[in-house]
Each structure stands twice: as C-alpha cells, then as structure tokens.
Amino acid sequence: MISEKSIKGCEHGWWKINELMYCGYYIDHQTIFRVANLVVNMEFQCSSKLSEQPFLVEYGSYNISQPCPFGSFECHSGLCIQQIQLCDGINDCFDESDELFCG
C-alpha cells in the first residue's frame, strides 16, 4: 500500500506527485490524485528488490473543478477513491475519511 510520507520515511519505493511524497511498493486499485496545477511532475523510485510484477503506471486527467468521477468518493483531502474502498479497513484517503462512520 502507499501512504503519504517524507522521503526519509520510505522503506520501499516512492512516488512523488508535484511536492507530495507517497511511500509504498504497490497500489492494487485505482487511486485518483487531484492536482490543481496545469503541469504535473511525477517521479518514481523503485526499491532494489526484484519483483514478479512489472512496474506499470496508467494515468489520465479530468477537470478538478468537477466532482469526483461517478462511482468515486471524495476524501476530506480532495483525493478521489473508488466507492468500494470505503470502510474496507485501509486508509485509502490518507486522512482516514474513508474509514469514518463505518461502525
């Protein structure tokens, strides 16, 4: 799983999207990062461990002045995640807003 961190706290690989750093070695679902800038800078650093899975990144864009895409949940942070990720015990929003009121 990925989580928002500083570069010093990354045990495995990391992703940097504009100035936000995310640590982790895989994402097993679609994550939507809302970036307000016209230009998006993305950096990836893989760990030195060998993997059976290839490194694959797919990305697209949409107008962030619009709500999250259909079938998505907007986190308090502005991140969009799939509805299926709500109340799954994983902090997909990185602010725990997808795990609130799940009881």
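The backbone N, Cα and C atoms fix where each Cβ goes, glycine too.
Please treat TrEMBL annotations as automatic predictions, because they have not gone through curation.
Per TrEMBL, the disulphide partner of C87 among C23, C46, C68, C102 is C102. Of the cysteines listed (C46, C80), TrEMBL assigns C80 as the disulfide partner of C68.
C102 (disulfide bond) sits 18 Å from C80 (disulfide bond), taking the C-alpha atoms as the reference points. Sequence-distant contacts of C87 (disulfide bond), defined by Cβ-Cβ distance under 8 angstroms and a gap of at least six in the same chain, are D98, E99, C102.
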